[in-house]
């Protein structure tokens, strides 16, 4: 019966070019085509046999060849060593044997380290984790970067391995180091949509405000790549998760972070992520994950939670400490109201023109902010309802509020027009008053322009809200 062979090429890990880093190794799981050594081999034959033993994972033959005198640091095509190859295919036993025979865990080829190769290997996280742990136990440096300034933790985060990330940090990996483009491990995880890695990095002290070279934060990178759940989570102002595990010792961290569920199949460990709703994201951001089941059992939505009174918190079994966290978050989310009490009392005769002009300028600026806010909402609002990630209330509620907004803006527009007409009337009367000393022309023109701009801005707000209303009605 013919031997079935699966072949591929082992390439440099971690995003390095396969054209420049191809080591020419054929990999795959082959039937044991290589038998025990039957006699002395020429050096060329011995190297080829060693290479085949490595590709087939024949541990006993590898050991026999090493016993025969072949170097554990043999350099194959493009400078790869046996240990680098073993790490690239996550062969834990082979990595262990080679390390026990004296292989250098800190070897690198053109700044491509064995640890980077292990972190970017194609395999289950369980196998990658074990290989990385072996390399770290032999003093492999977790902060040595490749040519692109990417460190092992960035590769682990990019490929979605939260436990590998945790292990690297426990051994001293810098969680906030940046590559040549300014990407951190958190940025890579957000870019690739790995929610569990994002959460783990925040626990380990990742700074979510570090920007890339083009000025983007991890949340903006997540948004650009359509990972809206991660974007919403990273956009939360309050984040008690940050640095949660930084004060633990290495042993405590490893014990806490490397606990696995034995009931899960090895090939599917850590590979599936729980989808977060708006309630879960809010609670996780406050470190209140333990409340999730309680609130769901009582059918409490995020909207309901955010509008609860103190007696309702207690009635639903929410402790005082948890209440304080929720109320603190609500305080951060409050929108600063315009302090109309500070506006000038224009009825007083001693009010100066400068103060009144300042009032109009502030009002115009507020209108501009409102226009920008509505424009941003219209831009970001999904065109199709199936693209909405988080739970939304009935669109009728939004439409109703938009209708009230349009009505209020229309009323505001009418009042501003009345104000403009009144000021124009006062100006005309003063110009016709023979005892009045005319103001400078440019000042008059400037005041007129301000009033016109204010009126246009208010009308613009009304138009934008009307468009927003139509958009929501289509949904």
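Glycine residues also receive a Cβ, built from the backbone N, Cα and C atoms like all the rest.
What Swiss-Prot says about this protein:
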{"type": "DOMAIN", "residues": "272-334", "note": "domain 'SAM'"}
{"type": "MOD_RES", "residues": "17", "note": "phosphoserine"}
{"type": "MOD_RES", "residues": "18", "note": "phosphoserine"}
{"type": "MOD_RES", "residues": "20", "note": "phosphoserine"}
{"type": "REPEAT", "residues": "45-74", "note": "repeat 'ANK 1'"}
{"type": "REPEAT", "residues": "78-107", "note": "repeat 'ANK 2'"}
{"type": "REPEAT", "residues": "110-144", "note": "repeat 'ANK 3'"}
{"type": "REPEAT", "residues": "148-177", "note": "repeat 'ANK 4'"}
{"type": "REPEAT", "residues": "181-210", "note": "repeat 'ANK 5'"}
{"type": "REPEAT", "residues": "214-243", "note": "repeat 'ANK 6'"}
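For the repeat 'ANK 2' (78-107), the model gives a mean pLDDT of 87. Taken through DSSP, the repeat 'ANK 4' (148-177) splits into 16 helix, 0 strand, 14 coil. DSSP places the residues of the repeat 'ANK 1' (45-74) in helix, strand and coil in these numbers: 21 helix, 0 strand, 9 coil.
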